[in-house]
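Engineer: Here it is, the structure in full.
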Amino acid sequence: MSDLLESLRADLEKRQTLGLIRQRRLLDSPQAEHITANGQPFLSFCSNDYLGLANDAALVVALQQAAAEAGVGSGASNLITGHHRYHDQLEQALAAFVGQPAALLFSTGYMANIGVVSALMGREDAVFSDKLNHACLNDGAFLSRATHHRFPHNDVAALEKLLQASTARHKLVTADAVFSMDGDIAPLAEYLALCERYDAYLYVDDAHGFGVLGPQGRGSLKHLGLQSPRLIMMGTLGKAAGVAGAFVAGQQIVIDYLIQHANSYIYTTPAPPPLSAALLASVKEIEQGDARRKQLFDMIALLKSELSLTRWHLLPSETAIQPLVVGDNHEALALSQYLQARGILVPAIRPPTVPVNTSRLRISLSAAHRESDVRALIQALHDAERELAIGAVA
Ligand code: PMP
């Protein structure tokens, strides 16, 4: 027997020693490329606001107007009286935008993933997940009580072996479309072909592709040209869409089933209606957002072509997530702190969010960044490599 609080203290002290304590910052400005955090101005490469919509005037006005008209609270869960016309309109707009028959809103991506996987899968079923999937997909598999197989990152052959050997009643393959800490795109066409061959379904988490990839930002499935009744997708609305929440889109029967069975949909109060009104404005901005996406991809190209380091390396990512792998926890933290001292915020991501010895700076780019912002980051990283001797940071 040990005292609970003593165990908590021991855990926190150990984390501190290992350089694994995670700190919150107090943001005191809108989310943007230039922010005020802990009372100081910073150039930020931290947010997932890939299109610069989090502080967009059209969204703010839509939210204000809807709040004046519809109030701020949803008041009850969706199946009681909480499902507002704005929620309904947004579901229809999102389904049409991603080219799926139907869509269902959840309050967050986390709630969507745990709700969908645990509703669709049960004890006699099997879930197959990429090892680098987002934590909430794993939590969903755990909650479902299905057998959970985790295959090596992007390893199509390993997935095929697992599917071939499985005698489960139903099979669901789950993958991030764009991996949140690596930025690479999953081989979804290959996964879908395997699903067709082995009678499985594919659940794609497009948290980081929706709004950014595909024609008019319609997401990773459109980017890869994939369409199938075996596909179910999830898109988050707090990243490129700039607000909060998530949606699941797929066959009408899947959506109807989720309304009856997804606990994180049923037993919770939906996000306030004005957020859906802001998101309706956001979907329009995304659809008409080619100039924003061009700016974002120009910034990605600039960073990739001009950053020239020998000690740390960018992972091969074509998306807004550009991870700079450092390896050691303390060194990643020291590099992040060095940049911070120069007024630039880039988060150091350490285990358990990423595998041991792959601590990294997760650089995320946005259409809100200007060329001078990205050049300032490149310059600071070049200086860091010169000034931070390995011994000095260990
Ligand atoms: N999936 C992925 C791949 C994510 O990166 C995230 C958020 N970081 C989520 C799901 C959860 O989404 P939300 O923040 O809306 O809960």
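Using the three backbone atoms N, Cα and C, a Cβ is placed for every residue, glycine included.
TrEMBL lists these features:
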| type | residues | note |
| --- | --- | --- |
| BINDING | Arg22, His134, Thr353 | substrate binding site |
| BINDING | Gly109, Tyr110, Ser180, His208, Thr236 | pyridoxal 5'-phosphate binding site |
| DOMAIN | 42-381 | domain 'Aminotransferase class I/classII large' |
| MOD_RES | Lys239 | N6-(pyridoxal phosphate)lysine |
Engineer: Rank aside, I only need the closest one: which of the recorded positions Arg22, Lys239, Thr353 has its C-alpha nearest to that of His208 (pyridoxal 5'-phosphate binding site)?
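Structural biologist: Minimum Cα distance from His208 (pyridoxal 5'-phosphate binding site) across Arg22, Lys239, Thr353 lands on Lys239.
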Engineer: Within a 10 Å radius of its Cβ, which of these recorded positions (Tyr110, Ser180, Lys239) has the fewest neighbouring Cβ atoms?
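Structural biologist: If we count Cβ atoms within 10 Å for the recorded positions Tyr110, Ser180, Lys239, the smallest count is at Tyr110.
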Engineer: Judged by the number of other CB atoms within 10 angstroms, which among Arg22, His134, His208 is the least packed of the binding-site residues?
Structural biologist: Arg22
Engineer: Measure between the Cα atoms of every pair in Gly109, Tyr110, Ser180, His208, Thr236, the residues the record assigns to pyridoxal 5'-phosphate, and report the largest value in Å, rounded to a whole number.
Structural biologist: 13
Engineer: When the Cβ positions of the recorded positions Arg22, Lys239, Thr353 are compared with the atoms of ligand 1, which fall under 6 Å?
Structural biologist: none
Engineer: Neighbour count, 10 Å Cβ-Cβ cut-off, for Gly109 (pyridoxal 5'-phosphate binding site): what number do you get?
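Structural biologist: A count of 26.
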Engineer: Out of Thr236, Thr353, which of the binding-site residues has the smallest number of neighbouring Cβ atoms within 10 Å?
Structural biologist: Thr353
Engineer: Of Arg22, His134, Thr353, which binding-site residues come within 10 Å of Tyr110 (pyridoxal 5'-phosphate binding site), going by C-alpha to C-alpha distance?
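Structural biologist: Taking Arg22, His134, Thr353 one by one, the ones whose Cα falls within 10 Å of Tyr110 (pyridoxal 5'-phosphate binding site) are His134.
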Engineer: Listed substrate-binding residues Arg22, His134, Thr353 - what's their greatest C-alpha to C-alpha distance in Å?
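Structural biologist: Between the most distant Cα atoms of the substrate site, 18 Å.
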Engineer: In three-state terms from DSSP, label Tyr110 (pyridoxal 5'-phosphate binding site) for me.
Structural biologist: helix
Engineer: Out of Arg22, His134, Lys239, give those recorded positions positioned within 10 angstroms of Ser180 (pyridoxal 5'-phosphate binding site), comparing C-alpha atoms, in sequence order.
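Structural biologist: So far as Cα distances go, the recorded positions lying within 10 Å of Ser180 (pyridoxal 5'-phosphate binding site) are His134.
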Engineer: Can you tell which of the binding-site residues Arg22, His134, Thr353 lies nearest to Thr236 (pyridoxal 5'-phosphate binding site) in space, using Cα positions?
Structural biologist: His134
Engineer: Please classify the secondary structure at Ser180 (pyridoxal 5'-phosphate binding site) using three-state DSSP.
Structural biologist: coil
Engineer: Looking at the domain 'Aminotransferase class I/classII large' (42-381) alone, can you tell me the average pLDDT?
Structural biologist: 97
Engineer: Return only the integer: C-alpha distance in Å from Arg22 (substrate binding site) to Lys239 (N6-(pyridoxal phosphate)lysine).
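Structural biologist: Distance (Cα to Cα, whole Å): 21 Å.
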